[in-house]
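Undergrad: My questions all concern the structure below.
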Amino acid sequence: MATTDLIDLAVETSKNAYVPYSHFPIGAVLVAKDGRLFTGVNVENASFGLTNCGERTAIFKAVSEGALEFEELIVYGQTEKPISPCGACRQVMAEFFDKDLKVTLVAKDKSTVVMTVGELLPYSFTDLK
Ligand code: THU
């Protein structure tokens, strides 16, 4: 799927966000190497710390469906500048993605910044060695 279509899908996906507390919907689309698409939204909770971000929802959906090899990730948020993923999501990306995996960050006007996982989380902790 072309990047513009993936961005449109991320925007559409964000409409499913469960955000009664922040009113800040996020939509993520994770493309697996086998062609499958995994979407994710942020899912909030009255106990705020239990909130799961859109990026992690997409990654956890993919892993639980047996996908472990990925092509790219698109993340949309209603921000002025392209959305900046939180530290927890960057750490989860580092667990499952190659350092050179392409992450397209999208703002509310659909402007983008493209970064790699290595750029998002340099010198990351990835294993116990
Ligand atoms: N959030 C995401 O889902 N992804 C991001 O990249 C940034 C923040 C969510 C968490 C919470 O539901 C809301 O946005 C406000 O922080």
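Cβ coordinates are placed from backbone N, Cα and C, and glycine is handled just like the others.
Those TrEMBL annotations? Automatic predictions, nothing curated.
According to TrEMBL, the record shows the following:
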DOMAIN    1-128  domain 'CMP/dCMP-type deaminase'
BINDING   CYS53, CYS86, CYS89  Zn(2+) binding site
ACT_SITE  GLU55  active site, proton donor
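For the listed features, I'd like the structural context: burial, neighbours, distances.
TA: In the three-state DSSP scheme, CYS53 (Zn(2+) binding site) falls into the coil class.
For GLU55 (active site, proton donor), other Cβ atoms within 10 Å of its Cβ number 27.
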Undergrad: Which are the residues of the chain, CYS53, CYS86, CYS89 excluded, whose CB is within 8 A of where the CB atoms of the Zn(2+) site average out, their centroid?
TA: GLY54, GLU55, ARG56, PRO85, GLY87, ALA88, ARG90, VAL92
Undergrad: Please compare the binding-site residues CYS53, CYS86, CYS89 by how many other CB atoms fall within 10 Å of each one's CB, and tell me which has the fewest.
TA: CYS86
